[in-house]
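Student: What follows is a single structure, and I will ask about it in a moment.
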Ligand code: DSN
């Protein structure tokens, strides 16, 4: 990539940007939440669309000069609804979310009062910080009940139901950040109804799989669905929130909306702006619209299928080499490797892999108590699949990981193998 102006203007940052692009090119990226956007998405992100304030929503802005941004935002909304096959009568979508964490916070602030109860999956079971962990705003502002997984590593839906009925949360969150198995949104939706709670599905990790029909959709069973746009969806960093237009829950009862009454979607919009955010990042909104178009193409489904095939092969190969996987395998784009099975912890394994040019992040496994020094490493295949790698390369990667973490082969030799693979599947930046 050429940065004609940057290099002249600021050599220090220019050099760092170039070095980072080289790092991305020369690294096998197994971080399950990362991906590579298309060059067209990059163009839009770096465009003058970043210059404008557009607080408000299409047709109702707090700044002049927004006719073009109104069109862009409406296109992003229409494409987002079409991508997930939603009717605009039943669902609205807010495409302004800066990222997943503020988007989840907006959902909570929209629907419940401070001090009321939310219920999500615990961090050490695979849940996200914003699903109620005590260090996040979600755990500081709200009371929290958390569910976990059983001894086999799978979500324990019976326990989930018991906790929901005992604690009577106002929101139950389905979705995870490190869970390798299909989530039964239907079951969680039914439990939420029984408990009188809203059902928020956070599909940030699996949105691409849902679009491709490779993971069951949460939409029939949820009141709100949030996703980030940069993981399996392969768009710019950001989030979107889908919300039902017609249903609202007060005093644990679902009530029909009368004319002019607020819908869940209305409340979500107000919570995003002015509740949590200021002006939307218009360059990102336009890039989201573009990414939704890309994700609607038949080639995107082929890509998602390959992500899963690759994850299954990588998981099986690692198992053959003695690594233990939480739940014993994967249904989706990621796996959680318990590094105690090869005498390491997550931090040690993460560092050793980074030294040879493989990035995969340390992650808690069920039962872990220390998030900074957990026992596992999460590995995912969205990024390597974008580079064009297939089953054969997954076997090679498993061999390199084994050489690094178990056989303790020379880092210099393994790094050369990593580079060879990266050169064979280049990034087009
Ligand atoms: N940090 C993201 C992930 O890695 O899953 C979620 O926010």
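Any Cβ shown, glycine's included, is placed from N, Cα and C.
Remember, TrEMBL labels are computer predictions, not curated facts.
From a predicted model like this one, the values you see are computed outputs, not experimental measurements.
Feature list, courtesy of TrEMBL:
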BINDING   123, 127, 128, 129  (6S)-5,6,7,8-tetrahydrofolate binding site
DOMAIN    6-401  domain 'Serine hydroxymethyltransferase-like'
MOD_RES   231  N6-(pyridoxal phosphate)lysine
SITE      230  site 'Plays an important role in substrate specificity'
Student: Rounded to an integer, what is the Cα-Cα distance in Å between residue 230 (site 'Plays an important role in substrate specificity') and residue 127 ((6S)-5,6,7,8-tetrahydrofolate binding site)?
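Tutor: About 18 Å separate the Cα atoms of these two residues.
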Student: Whole-number Å only: compute the distance from the Cα of residue 231 (N6-(pyridoxal phosphate)lysine) to the Cα of residue 128 ((6S)-5,6,7,8-tetrahydrofolate binding site).
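Tutor: Taking the Cα atoms only, residue 231 (N6-(pyridoxal phosphate)lysine) lies 14 Å from residue 128 ((6S)-5,6,7,8-tetrahydrofolate binding site).
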Student: Can you tell which of 123, 129 has the most other C-beta atoms within 10 Å, given these are the binding-site residues?
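Tutor: Most Cβ neighbours within 10 Å: 123.
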Student: If you take the centroid of the Cβ atoms of 123, 127, 128, 129, the listed (6S)-5,6,7,8-tetrahydrofolate site, which other residues of that chain have their Cβ within 8 Å of it?
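Tutor: Filtered neighbour residues, in order: 120, 121, 122, 126, 130, 131, 132, 133, 136, 176, 177.
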Student: When neighbour density is defined as the number of other C-beta atoms within 10 angstroms of a residue's C-beta, which of the recorded positions 128, 231 has the lowest density?
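Tutor: Ranked by other Cβ atoms within 10 Å, the recorded positions 128, 231 bottom out at 128.
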Student: Could you check what DSSP calls residue 123 ((6S)-5,6,7,8-tetrahydrofolate binding site) once collapsed to helix, strand or coil?
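Tutor: DSSP call for residue 123 ((6S)-5,6,7,8-tetrahydrofolate binding site): helix.
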Student: Give the helix, strand or coil assignment DSSP yields for residue 129 ((6S)-5,6,7,8-tetrahydrofolate binding site).
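Tutor: Going by the DSSP assignment, residue 129 ((6S)-5,6,7,8-tetrahydrofolate binding site) falls within a helical segment, counted as helix.
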Student: Can you check how the pLDDT averages out over the domain 'Serine hydroxymethyltransferase-like' (6-401)?
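Tutor: Averaging the confidence scores along the domain 'Serine hydroxymethyltransferase-like' (6-401) gives 95.
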